[in-house]
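A.B. asks: Input: one structure, supplied below.
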């Protein structure tokens, strides 16, 4: 048997609910002598469960009719949001019902059903306006719709429920009406804040229609953040007052404590976001360098956020479309960077921190000086290397007998450590008093470099294996046919020991 559709299942459920309520209510009314006695019996036991189920079925039918009249067909995302939010709201309603000590839960249950019923339409209205904002190009696209009528209707319904609960507070169950009166007040505040948010979005649409060169209204973000802080503060005040009223030795309103905790967390987060937004708005223009037309050359004029071309021609400094250059080198529109800073303070391209120095501001002059110093450092290093090469004596290489130049071997301890380290090859780690260049002795086989000399370009260091201080010769096998011999010799005038490097070709038989 094929499964029934959702409509068929609901029709079967609605018919079954009506049959059950008829079989339950009719015998009680027939046997009870008065209407009051019948009401007492219906509010107890299984009869109350059957009536509650029937009220839920009737509420679904009424809600479907109201939804068709005010909103039309629901989108898939709106239906998913209703299911997701209903679970949490239903659980919260159970905590609310558990707080009351009244023997009869008929009135709290009925008010809980009305509260959940109205909340569902608030969720639909909020999602519907978010959809309208994404496609609206004129203010009339937002105002002249059925959503405006629904907004006015639910504002009036919330006000009526607050007034009803306030009038019933002095009755037989004051705590019930008092609690739900504040719940409807929170619902009214939520809808009122949503109305102000709708007005700000309508203002933005009107502003963009008169300023086609802009993409967003920059001041709206600040107003939205202030509005969110005001909204959260009002909700925190209401829930704090409820906690103060109901907190007692035998009563602990858990759902109120939960609402206070979430309100405090949201309030702290919103205040931090507002401070970060104000800081970004005031310091971005001063702490970041302005991009020039030279920076935008070579196909570097595309904003990585809005994907639009950037230019400084005809745009004043400080405007949204003025390009700013980050310390990592990427260039972004000023307005796009402010919008990005609401979520993160790193470069959207390379994830480098936008402000390398978070403690203070780096002036532009200091940045330019640092860049000039960085550009001059390679030139200074090249000049120093050229001067050192000019001071060093010319390298001599014997091509006929294969003899190579000699390098000093200062110190007779551990020749291996002197050869494998860069500058230790040519000078001792101990301080050596430099001598005048004219005392340096040169001959055909020996070259003495000054102690402060660096590693000459083109020279190679070899690591000696099996070195021993008692030996005067060292062998270096450069290849299969070339072997280098190192001999320790004395430099004239007893200045230091040196190593003479001789290369010779050895003929070795190769197996075919």
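Glycine is treated like the rest: Cβ placed from N, Cα and C.
Remember, it's a predicted structure, so these values are computed and weren't measured experimentally.
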A.B. asks: From 49-70, 71-92, which range did TrEMBL mark with transmembrane segment?
C.D. replies: 49-70
A.B. asks: If you look at how TrEMBL annotates this chain, which of 146-164, 203-221 comes out as transmembrane segment?
C.D. replies: 146-164
A.B. asks: Looking at 287-323, 324-360, 361-397, 398-434, which stretch does TrEMBL describe as region 'Disordered'?
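C.D. replies: Result: 361-397 is the stretch TrEMBL calls region 'Disordered'.
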A.B. asks: What stretch of 49-70, 106-125, 146-164, 176-193 shows the most Cβ pairs under 8 Å to the transmembrane segment (7-29)?
C.D. replies: 49-70
A.B. asks: Go through 49-70, 146-164, 176-193 and flag the stretch with the largest number of C-beta pairs under 8 Å relative to the transmembrane segment (106-125).
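C.D. replies: By Cβ pairs under 8 Å, 176-193 leads among 49-70, 146-164, 176-193.
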